[in-house]
Structures are given as C-alpha cells and as structure tokens.
Amino acid sequence: MDDPYHNNVNQQVTQGGEYTYTQDGSGQEGYPYQADYPPQEEDAASDDTEGADDGEQMYEGEYQGVPHPDEIKEARRAARVEARRKARLAAQQEDEEDNLAEQYETIMEDCGHGRFQWMLFFVLGLALMADGVDGFVVGFVLPSAEKDMCISNADKGLLGLLVYVAMMVGALVWGGLSDKMGRRKCLIYVLTIDLVFSFLSCFAQSYGFFLFFRFCSGFGIGGSIPIVYTYFTEFLQMDKRGEHLSWLCMFWMLGGLYASFTAWGIIPHYGWGFAIGTEIQMHSWRLFILVCLLPVLAALVGVVFMPESPRFLLENARHDEAWMILRRVHDTNWKAKGEPERVFTATNIKTPQTQDDEFIEIQSDTGTAFQRWTVRHMTMLQQVMANIMSLSAPEFRLQGLFLVIVWFCLAFSYHGLGVWFPDMIKYMQYEEYESKVRVFHRERVERFHFNFSLVNQIHREGEYIHDKFANIEIKSVKFEDSLFENCYFEDVRSTNTFFENCTFKSTVFYNTDLWQEKFKDCRMENTTFLHPKKGCHLNFKEENDIVIYMVSFLGSFAVLPGNILSALFMDKIGRIRIIGGSMLASAACTFLLLLSFSQGAVICWQCLFYGTSIAAWNGLEVISVELYPAARRGTAFGILNGISKFAALIASFIFAAFIGVTKIVPIFLAFAALVCGGLVALKLPETREKILS
C-alpha cells in the first residue's frame, strides 16, 4: 500500500542487520533502529508481513503500537459523523417536543374544561389542604407537647426546625421523582407517608419518637405542593391555567382555617382525652392531630381513583396509556355537558424519542430480583440528578436565577413575619401581665388557711407559720428568701411558680406538683413529700391562649380577598404584574407595622399583609409550572419550593431573635426582601399565552 510517509523515506541496509532511515533531501538521520540478529531469509519473514505486496512498505509504527495516520483520519471522520448524527437527533427531538406541545394543547381544547377537571380540582385541593394543616399543627400542639413530654428549653425549638428541614428535603426529592415515576404515583406515596407517620405521632409518648414521626411526616407532605401544581397544570388548557391554579391555592387557606378552628375546639378541653392502659395517655392535643388527618385521608382516597398525567405518559413514550386517559377526560366532560355523542378524534399523538426507560427495562430483565431492583432505582436516581443538572443549561439559567430570588425573598418576608406576628402578640401579653404583678415584702402570716388562688405575685423575705395551702392553684408566683415553718400543702397545682433561697421547717407536701425543679437553693429541715406529682403536668388554661388561635384563624381568612382577585385577574393582566404589584404593595404594608402599639393593631396589620401578599404566591406558583418543560417541571418546582422552605427557616430564627428588642430590624428586612423580589419579578417572562413545553 502506497503511503506518503514511506514515499519520503529512504531505507538503507547495513551489515549486521542495521537499519537506518533518513529523509530525502535533508541528509539527517531519523529514527535509528538496531537489531541484534542477522538478516532473515525471505521464507522466515514475520507472519505480520506475510501476504503483503512486494511493492508495499510496512508502516513501522505498527511495531510500536502507534496508530496509522489513516486510522486517525478515519476515527476523526467517524467522530464528526457521530456528532452530526447527534445534532440531527437533538434537533429532531426538539421539533417533536414542539409538535407534541402544540398537539397536546389542541387535544386539551378538544377535551374541554368540565366535570373531570373539577373532580381533580377537589381531590388535589384536599392534598393542598393537608399541607396547609400540617403547617399549623406543630405550632398549635407545641406548647402542650412541651409540658406533656417534659421537653427542656434547649429542645423546644428542635421540633419546628426538623419539620421544616424535612419538608424542604421532601420537596426536593419528590419533585424530582415525579418527573420519572409519575405525578399520581408520587402523590400517593407522599400522602401515604404523611398519613402513616402523623397517625403514629399521636401515640408517641417519648419526645424522641415524636420528633422522628413528625420528621417523616414532614418529608412526605413536603412533596405535595410541587406534585399538586404540576399534576393539575397538565390537565388544563392554556386559557384556563392561571385562573384555576389560583382557585386551587385557596385550599391552602382552607387548611389554615380548619387547623385553627379544630385546635380552638379540641386542645383546650382536657376532659376530651383518654388513656390506653397505663402507659399511653391521649390528651386532647393528640386528638387534635388525629382530627387533622381527615384531609390527607380524603385526598389519598381520591387520588387512587384519578389517572396519571397524560402529558407525563407521552413524555415517556407511553402513547396508548395517554390516549386512553385523554379519551376518558374527553368523554367525561362532554357527557356531563349533554353531548355524549361527541367522538374523541385524536388518533396519532407524536411522542419524543427516549432511551432511558428502554435501558431500565433491558437492565431490569437480568440478574436476581435485588439486582433488578438496584439497577432500576440507581438508574432512576441518575436520571433525576441529570434532570437537576440540566436546569443549569443556558436556556434555563437566567430565568431560574430570577425565580430563585423571587421565591426566596417572598418566603423570607412572609414566613418571617408569620413568626413575628404571634410572638409579638405573646410578648405584648407578657409585658401587660408583668406590669400588673403584685409584690409583697416582709409579710408575716400565721395560722392562716389559703383557700384561694395566688396569681402573678412576688413574695420577698416573708414568714409563714402554721399556715395551710389546700386545694388551690399557684400561677406565676415567686417566693424569695422566705421561711415556711409547720406549714401544710395539699392538692396544690402550680404553673410557672418557684421557691428561691427559701427555708422549710417541719413542712408537709401532700399530693402536690411541687417537686425538685420548683425549689432553687432551698433548705429542707424535717420536710416530708407524700404522693408527689412528679414530672410535667399540663395546664390547658395556661398553655392554650384563645388569642393565638384567633390570630391564626383571622390570618388564614384574610387571604380570601387576595385569592379571589388574583384568580379573576391572573389571565387578564398577567402573572408578572400580579407578582410584582403584590410584592411591592406588601412592602408598603410593612411600614404600618411600626404603628403596632397594641395587640389589636398587630392583628389588623397582619391580616392586611397576608391579604396583599397572597396574590404574589399565586402568581409565582403559576409561572413556576409554566416556565419549565414537562420533563423537568416537577424537578424545578421542587427545587424552588425547597428554597422557600430554606428561606422560612432562616427567617424564623432572625425575626424571632428581635422579639422584645426592636421592631425596626424585622420590618426593614421584610421591606427590603419584598422590594428586591418585586423588582426582580418584573424581569421574568410572561407566560399567560405560553403553550406548555
């Protein structure tokens, strides 16, 4: 074989079998090559050269493993061909996806909007309501749970923290899985996890188990919001999306109303509890958790009878299943409208080419059951991670950054002030209570029968001789440097009551909850404790202030006008104006908080802020499902919702730290976040006339 390389090389043979190669015209010796054996006979030639033409020269690189130049050229040519083939496939897939989006929108218009969408609306609304209920459960049961399970001050904030972390992780995980496993299947898993572990938390007697069960419950319900909005969006035509997704948001408000009303009606009633044996005590706050399971149970039953999203099935090349579901939607709607004779005309729906699911099925048909399970789920995990990484592509990068900023700013201000409002009311109550404290100094009481309650008092350097304290309640009372001699305490209930540096001589405590933690640096001389009520004890009048339930109820109810207005105008003025206008108007409302000098004023400004900001939430949730393609919609929404939970965590710590210190810092932080998010929201693309990609 003629080769340019060999044509430019002279081959010389010297004695002893030495070969030298020199280039023509250069006179320089190149690539000297020696052998220690004599020249071979022609018959003894290597098998590698046998069969070669006499006129052809062997490429010397073959002896050193160096590729032939022709082989390199051929490899490069093949790589270019493969690159062009992949580019053509990518362009073809993009065209198919565009065609699928347009065709799917046409099919949904042909199916119409009717009975099927309304049935799905109420089922998914119950799932959203369950998420709203879970957001309030922890705050309502925490005061009672702290006392019932003797939670220390160091562990009090752990429950709320872990629940929010679990919901954040759940949003990330289940949002990504819904793009690979299916919307309906993941929603069933989510609701089942929440139902099971919330039920178990009702019976947890130790704080550790209660934390674990609530964490698992939060992990489940945290994935509901990304799945619900993605699921419902894919059954709506373009001109119905904004309005009906906004109506769906009202169920979160209903969850808050349901939780507030049932908490007020159940938790303060101690007699509603019961015991299971001697170990399990079901106080009323545990019954409240049980009642809060009704929305998630109803949602789970409803979702079981709903079909999978046909758009998800088409994205995964499951054409026949999608066609059957679309036909079901079509027939259900037109039969309810009195036109059962209308025929579903879609016959050939184009689906994008996908090899991921084929790979999973091929790999899943080999090996043991455990190996098949491992391959299937590891491959799915890789696909989810690839989906997450694909969101950083140039076409998603800028809009994704804007969405992250808006979600973070809105969640930071909304949840931060959501913590600040009730805590500020509690602080005002505390200040008012402290201003009415009565102080007794160096009083001497002898042979007196205390048969009335002692409330909000401080006794310093007092002397109590032959006194009797029987069948009374001592609430927020402190005894300092006092003497109790020959006294008798019987059936005494105490709340926030302490004895500091006191002396007890020949005193009897019978059937009281006054125990070690109530006495600080006290001296006991000939003192007896009979039938003490050790541990922690609930005082439902103390731990369940009706004002807190009322504040939560009014705050949830205040979003109703904002929900209605956003639903009516979402498709008329657009998502961007709704989000930007709502956030900027909410920023203006924060300045009114500087005028919060009473509990009534705080409640009033809270309702105004919630009613104004809810429109931004609705618009943001609508645009988040419309900006991303179906194959990444759940993943993107899950990430954004997880970011909002992260912002809520940060805000709860920051805003709570300034309670009783200053109002200016929390108000300024909320104002700055809302203004920043509102201005960035105006940079987002409008999607009200966008076909779902």
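Glycine too: its Cβ is placed from the backbone N, Cα and C atoms.
TrEMBL annotations: computationally assigned, not manually curated.
Taken from TrEMBL, the feature region 'Disordered' covers 1-68.
The annotation compositional bias 'Polar residues' is assigned in TrEMBL to 7-26.
Residues or ranges marked as compositional bias 'Acidic residues' in TrEMBL: 39-59.
Taken from TrEMBL, the feature transmembrane segment covers 118-145 (among others).
The domain 'Major facilitator superfamily (MFS) profile' feature in TrEMBL is assigned to 120-688.
Proximity of distant same-chain residues to the transmembrane segment (157-174), defined by a Cβ-Cβ separation under 8 Å and at least 6 residues beyond the stretch ends, is recorded for 134, 138-139, 142, 145, 186, 189-190, 210-211, 214-227, 634, 638-639, 641-642, 645-646, 648-649, 652. If you look up TrEMBL, you'll see 157-174 (among others) marked as transmembrane segment.
Beyond the transmembrane segment (186-206), the same-chain residues lying 6 or more positions past its ends with a Cβ under 8 Å from any Cβ of the stretch are 127, 130, 134, 149, 170, 174, 177-178, 212-214, 216-217, 219-221, 223-224, 227-228, 231, 276, 279-282, 286-287, 289-290, 292-293, 296-297, 299-300, 303-304, 634. The transmembrane segment annotation in TrEMBL covers 186-206 (among others).
Residues or ranges marked as transmembrane segment by TrEMBL: 212-232 (among others). Tertiary proximity for the transmembrane segment (212-232) is limited to same-chain residues at least six positions away from its ends with a CB under 8 Å from its CB atoms, namely 120-121, 124, 127-128, 130-131, 134, 138, 159, 162-171, 173-175, 177-178, 183-184, 186-187, 189-194, 197-198, 200-201, 204, 244-245, 248, 296, 309, 621, 624-625, 633-634, 637-638, 641, 645.
The list of residues near the transmembrane segment (244-267) in space but at least 6 beyond its ends in sequence, with Cβ under 8 angstroms from a Cβ of it, reads 113, 117, 121, 124-126, 128-137, 140-141, 144, 228-229, 232-233, 236, 284-285, 287-288, 291-292, 295, 540, 544, 546, 549-550, 552-553, 555-557, 559-560, 563, 566-567, 570, 614, 617-619, 621-622, 625. Feature annotation from TrEMBL assigns transmembrane segment to 244-267 (among others).
According to TrEMBL, the transmembrane segment annotation covers 287-306 (among others). Under 8 Å from some Cβ of the transmembrane segment (287-306) lie the Cβ atoms of residues 119-120, 122-124, 126-127, 129-130, 133-134, 137, 140-141, 184, 187-188, 191-192, 194-195, 198-199, 201-202, 221, 255, 258-259, 262-263, 266-267, 272-273, all in the same chain and six or more residues away from its ends.
Using a Cβ-Cβ cut-off under 8 Å and counting only residues 6 or more beyond its ends in the same chain, the transmembrane segment (400-421) has close neighbours at 391-392, 551, 555, 579, 583, 586, 590, 593, 602-603, 606, 609, 613, 616-617, 620, 623-624, 627, 636, 640-641, 643-648, 650-652, 654-656, 658-659, 666, 669-671, 673-674, 676-677, 680-681, 683-684. Here TrEMBL flags 400-421 (among others) as transmembrane segment.
Feature annotation from TrEMBL assigns transmembrane segment to 546-569 (among others). Proximity of distant same-chain residues to the transmembrane segment (546-569), defined by a Cβ-Cβ separation under 8 Å and at least 6 residues beyond the stretch ends, is recorded for 136, 139-140, 243-244, 246-247, 249-250, 253, 256-257, 259-261, 263-264, 268, 418, 421-422, 425-426, 429, 578, 582, 599, 603, 606-608, 610-615, 618-619.
For 576-597 (among others), the entry in TrEMBL reads transmembrane segment.
Positions annotated as transmembrane segment by TrEMBL: 603-623 (among others).
Marked as transmembrane segment by TrEMBL: 635-658 (among others).
Under the heading transmembrane segment, TrEMBL lists 664-682 (among others).
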Which bits of the chain, at least 6 residues beyond where the transmembrane segment (576-597) starts or stops, bring a Cβ under 8 A of a Cβ in it? 406, 409-410, 413, 417, 424, 562, 566, 569-570, 605, 608-609, 612-616, 618-620, 623, 663-664, 667, 670-671, 674-675, 677-679, 681-682, 684-686
Given a Cβ distance threshold of under 8 angstroms, which distant residues of the chain, six or more beyond its ends, lie next to the transmembrane segment (603-623)? 225, 229, 241-242, 245-246, 249, 253, 403, 406-407, 410, 413-414, 417, 421, 425, 550-551, 554-563, 565-567, 570, 575-576, 578-579, 581-583, 585-586, 589-590, 592-593, 595-596, 674, 678, 681, 684, 687
Contacting positions for the transmembrane segment (664-682) when only residues 6+ beyond its ends and CB under 8 Å are counted: 402, 405-406, 408-410, 412-413, 416-417, 420, 576, 579-584, 586-587, 590-591, 593-594, 613, 616, 620, 654-655, 658
